[in-house]
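Feature annotation from TrEMBL assigns disulfide bond to Cys54-Cys81, Cys400-Cys427, Cys778-Cys805. If you look up TrEMBL, you'll see 26-83, 196-257, 372-429, 544-603, 716-776 marked as domain 'Sushi'. According to TrEMBL, the feature domain 'CUB' maps to 85-193, 259-367, 431-541, 605-713, 778-808.
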Amino acid sequence: MWLNFKTDDTSGSLGFKVSYEEIDQGSCGDPGIPAYGKREGAGFRHGDRLYFECLPAFELVGKKNITCQKNNQWSAKKPSCVFSCFFNFTTPSGVLLSPNYPQEYGNNMHCVWLIITNPESRINLAFNDLSMEKQFDFLSIKDGGKAESPILGTFSGDALPPPITTSAHVARLEFLTDHTYTNRGFNITFTTFRHNECPDPGVPVNGKRFGESLQLGSSISFLCEEGFVKTHGSQTISCILKDGNVVWDNAVPRCEAPCGGDLKAPSGIILSPGWPELYKEALNCEWIIEAPPGYPIKIIFDKFRTEVNYDVLEVRDGRFPSSPLIGSYQGTQVPQFLISTSNFLYLHFSTDKSHSDIGFRIRYETLQLQSDHCVDPGIPVNGQRHGNDFYVGALVTFSCEAGYTLSDTEPLECEPNFQWSRPLPSCDALCGGYIQGNTGTILSPGFPDFYPHNLNCTWIIETSHGKGVQFSFHTFHLESPHDHLLVTENGSFSQPLWRLTGSTLPPPLSAGLFGNYTAQIRFLSDFSVSYEGFNITFSEYDLEPCEDPGIPLYSTRKGLQYGVGDSLIFSCFPGYRLEGPARVVCLGGRRRVWSSPLPRCVAECGSSVTGMQGVLLSPNYPGYYGNNHECIYSIQTQPGKGIQLRARDFRLEEDDVLRVFDGSNNKARLLGVFTGNELLDTMLNSTSSSMWLEFISNADNTSKGFELHFSSFELVKCEDPGVPQFGYKREDKGHFAGSTVTYDCDPGYTLKGPEVLTCLRGERRAWDSPLPLCVAECGGAIMEEPSGRILSPGYPAPYEHNLHCMYR
């Protein structure tokens, strides 16, 4: 069976209540018995028949009998019994109802009922319920059976009248309605009594009666039940003769739950005003419970249910509104009991002007402190207590059920004065939070009571690396569409994965699919209607891994895990260049993929390499190189080191050549030109820290190319050339092949020989010229200097004979 209930976007109504039961094959199920009716027959099998009739004063609406058919359906609906619009009652007591009560009566009705009893009796009518359209729908009660009999009262609206008593043994009731609005109608109980008796006063609601005699001169007493007080009438009434009629001298008392009071009894009950019905609107009630000095007070919550967010009971540890707050309670979440630390407790109950509920029933009692231990501190709602030792110095701790947070984690200690060191903590469903773990529970604030208004709560859920998060919904009821729950996995709620509202229980939802191990939930409520909210559990689960992407040719890979969030790192063999990202990550989502395609390792046309060793490859090696290549390779190693080049593989087509130069460009000394397999088994050494290679292929056939390995080695240096006497090195660039040293002389001396010496290349290092000399000459041209020095020939040695020196 499938039921589908749809509503529009306008007004709502009471709704429906449906009961269901399993039925056997070949059966129609029990159709029930009409209210105020009877049924004959007990079989529900195919072909069985049931017969219905109504109680006196009720009329049958529908079929008098129904048959169970082969399609497992009754031949007609169960009939109903509607109170007749015309009836004569002759019983000593009974109930008189408006037609269709407690449903709405019809329009344009004119009903007449007569109550006829023994001539020596009178009739008393007591109103149990009255609700009619005011001023237009009326009930008239007449003292007699005729239309012109005296009217005892005419009633409309919903004000409950006092009991009505006739002077004779017949009463006439007339009910008239107009063509517009209808309402619930009325429910009246009638009884009969003798002329020398008073009518039965009944028993007040929430009260007791003492005395049964109704005779003239007798008395009856009443007492309100515990928690209720007399707000109307008299505690004792007497049956008297007044104006020729036998009547009660006072009204029956009314017992109601008071709004506040000072309570000094050793025990008692506090009820919400209106109990056991719904409490009243706009209440502001204060109760002060007082015990003898030194005696604490314990209150026990037998029943508690108020409107969440608006109707609140405060309990304070003292006698004043400013005393320390023990707790503020609403909804249904209250502890088993509370205990004061003093001999006073202050309770304040406030309600708004809208909805109400059943309220509360609270018992209180005075406690006598024990001489060796503290009283039981209780257990928080939705929590547990750890420790049952209440002696001085004992500690008790508390924890909460899944989804709730303890308001105070400090333990309670029983102090030497036999009082606990701290109040009992509470377990609260908080607005948002950070939750870490492989399982957990998320509750709407205040759960299972209605959530507050104007909420903006965010929960962040973090699970293990590479795991996803699955949410399961156990309770879900939000105001649609104004209150909603957003679920995302990237922290952005502008485009959430899901937006949930209403009362349909969502299916399990998965988040964290992208491997960031987190999911986020945000709950938003507006300022108006609220409901019980949600109870969500989450658990982590393994995400499907990415497939093995493989390893590119001529490369190595680091990493063996392919789960969401795992990464792999690639690097190429020497001589190859990585084309594409070196690192790829397994991405989440509905379909597992790597963050990028696999990279490639390529042998390029030319390269510039710096290092102590390495590899040079021809384009596309070990595949064939292409035509018309002009590839340049440069090798640079540390100063003072040479480069040694060996061919591990060398296969060029005729007219395809590799030129090798002993330097940093093709202007350097040519070490050789190679084709075919000429470079195999050949070793080339540079005389400097640089080497230059040029590979040229023509438009004809190609071949495999080459794989060249290079390494560095220490070059043989030229010896230090020294410094000439009376001279100095102006610049020294080192003593390696190709490096130079520049000289100059002290003032007064002239350089004889090359100014610059160069370290020659080759197997044996040597300077290209001898060390120059600095000499004091005989005469010479002196440059136009503002100052200078003139030395005698050979100075500081003795000059020679027969000299003639001129200095200009």
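Any Cβ shown, glycine's included, is placed from N, Cα and C.
All TrEMBL annotations are machine predictions without curation.
Bear in mind that the values here come from a model prediction, so they are computed numbers and not experimental data.
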Given the disulfide-bonded residues Cys54, Cys81, Cys400, Cys427, Cys778, which one's Cβ is surrounded by the fewest other Cβ atoms within 10 Å?
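Among the disulfide-bonded residues Cys54, Cys81, Cys400, Cys427, Cys778, the lowest count of other Cβ atoms within 10 Å belongs to Cys778.
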Three or more CB pairs closer than 8 Å, sequence separation of 6 or more: does that hold for the domain 'CUB' (431-541) against the domain 'CUB' (259-367)?
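Since 3 or more Cβ pairs under 8 Å link them, the domain 'CUB' (431-541) and the domain 'CUB' (259-367) do come into contact.
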Show which residues of the chain containing Cys805 (disulfide bond), separated from it by at least 6 in sequence, have their CB under 8 Å from its CB.
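The list for Cys805 (disulfide bond) reads Glu777, Cys778, Gly779, Pro793, given in order along the sequence.
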Give me the CA-CA distance between Cys81 (disulfide bond) and Cys400 (disulfide bond), in Å, as a whole number.
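Cα of Cys81 (disulfide bond) to Cα of Cys400 (disulfide bond) measures 53 Å after rounding.
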Compute the C-alpha separation of Cys427 (disulfide bond) from Cys54 (disulfide bond), stating it in Å without decimals.
55
Going by DSSP, is Cys400 (disulfide bond) part of a helix, a strand, or coil?
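Where Cys400 (disulfide bond) sits, the three-state DSSP reduction gives strand.
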